[in-house]
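Taken from TrEMBL, the feature active site, nucleophile applies to 260. The annotation NAD(+) binding site is assigned in TrEMBL to 30, 35, 84, 119, 153, 263, 327. Taken from TrEMBL, the feature substrate binding site covers 150, 151, 152, 153, 204, 249, 250, 251, 252, 253, 257, 320. The feature domain 'UDP-glucose/GDP-mannose dehydrogenase C-terminal' is assigned by TrEMBL to 313-413.
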Ligand code: UDX
């Protein structure tokens, strides 16, 4: 099939590359002509394992263009994969979706199946349908489908090739789109979940909100375990064997971050409030997450009474390992907090870089040893494998002090203690 993917960001590029690999002919379009030029040169602007290889493997079937309207005209299937960032109040910014709707309205001459991959609040796809109709587009010329993605950074390609489900939201009267979508994914082995447009949007938000809830839940339990001298790892393992709970997303630590969970939970809260539902649980999930950095600082303050002039090495800046993404990274919030307390912060991350604006208050090192040098305390803020395998005797030699704060529960406390260092964690007796 010939498909136009609108948006050459993280979701758009992954979708385009995987669809091309499934044998479809794809044109991925974006109004950012610099980005398109880069992609045409074979440079992939984001770091995602395997993406660059998949794009180059399928280069005969995958083209890039900044001519959005022209390509919309040419293809019968359009994927919308533009960004839906947060506004300052936490609502979802639908400006890019609105621009795409305008471009589709301009370029529609023949029948189109319009498939939304972007994460959008409930009601958005119905609005896309209404907006197109209101701009005068003949409703016989299009159908709107919601087909959310469930991609994790770092494993986006395998998540798309081997999904646990394919969610398709469509209008009840739409008799055409399901067979189009089934045809697109015919080489993927996964059950189809077929629902309404709002239903598909809700599945996406609920999925992320549920996972975020598991994290805040185990983080709250860790606070209680801490007071009773109980190892949270034992509790996670103990409850995770129950298939109704499952062992996943039960790692306690400094909290969730990234481009999805914080934004989507907040957006869902707004969707609830808009219809006079007070989402008490979603609010609590966010409150717990926001207070995780302070919890870890409080833990540290038992050992460090004055943070000013103390040198603190923060290992890990990315919101999780195997990515260079620092969006809503709890490690970044921790660095900001330590700097505001007057500490000298030295950071290291195998992939991620801090924004230039932060460079005045933090020194960022390309070598782990330099970040640790003369530190009073070392904080593990992202659970990169590299940090799990540290030689603690060597770390001790480089440090001035002896405190190790494990904010990801990824280090064996005894190994640190055996090196003569003091291990600090939450619910890690
Ligand atoms: C997430 C969803 O998993 C994915 O399905 C959705 O499409 C986008 O959002 P991603 O943001 O890539 O994917 O990260 P994920 O691996 O889910 O981790 C999110 C955050 O939760 C990270 O900060 C991670 O460190 C944290 N986390 C995860 C925990 O603190 N504890 C856990 O047990 C699991």
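Think of each number as a place in line: the chain as shown, counted from 1.
Backbone N, Cα and C atoms are what each Cβ position is placed from, and that goes for glycine too.
According to DSSP, residue 204 (substrate binding site) is assigned to a helical segment.
Applying an 8 A CB threshold to same-chain residues 6+ apart, the list for residue 263 (NAD(+) binding site) reads 85, 86, 90, 92, 328. The separation of residue 250 (substrate binding site) from residue 35 (NAD(+) binding site), Cα to Cα, is 38 Å.
Take the CB of residue 153 (NAD(+) binding site) and look out to 10 A: across all protein chains shown you find 23 other CB atoms. Checking the recorded positions 30, 150, 152, 153, 260, 327 against ligand 1, the ones with a C-beta less than 6 Å from an atom of that molecule are 150, 152, 153, 260. The recorded positions recorded for this entry are 150, 257, 260, and the Cα of 260 lies nearest to that of residue 84 (NAD(+) binding site). Rounded to the nearest whole angstrom, the C-alpha distance between residue 327 (NAD(+) binding site) and residue 257 (substrate binding site) is 7.
Checked against residue 119 (NAD(+) binding site) by C-alpha proximity, the binding-site residues 150, 152, 204 yield 204 as the nearest.
Using Cα positions, the member of the recorded positions 204, 252, 257, 260 nearest to residue 30 (NAD(+) binding site) is identified as 260. According to DSSP, residue 35 (NAD(+) binding site) sits within a helical segment. Summarised as a single figure, the pLDDT of the domain 'UDP-glucose/GDP-mannose dehydrogenase C-terminal' (313-413) averages 96.
The Cβ of residue 257 (substrate binding site) lies under 8 Å from the Cβ of 319, 320, 327, 328, 329, 330, 331, each of which sits 6+ residues away along the same chain. Looking only at the binding-site residues 84, 119, 252, the densest Cβ neighbourhood within 10 Å occurs at 252. Cα of residue 204 (substrate binding site) to Cα of residue 260 (active site, nucleophile): a distance of 10 Å.
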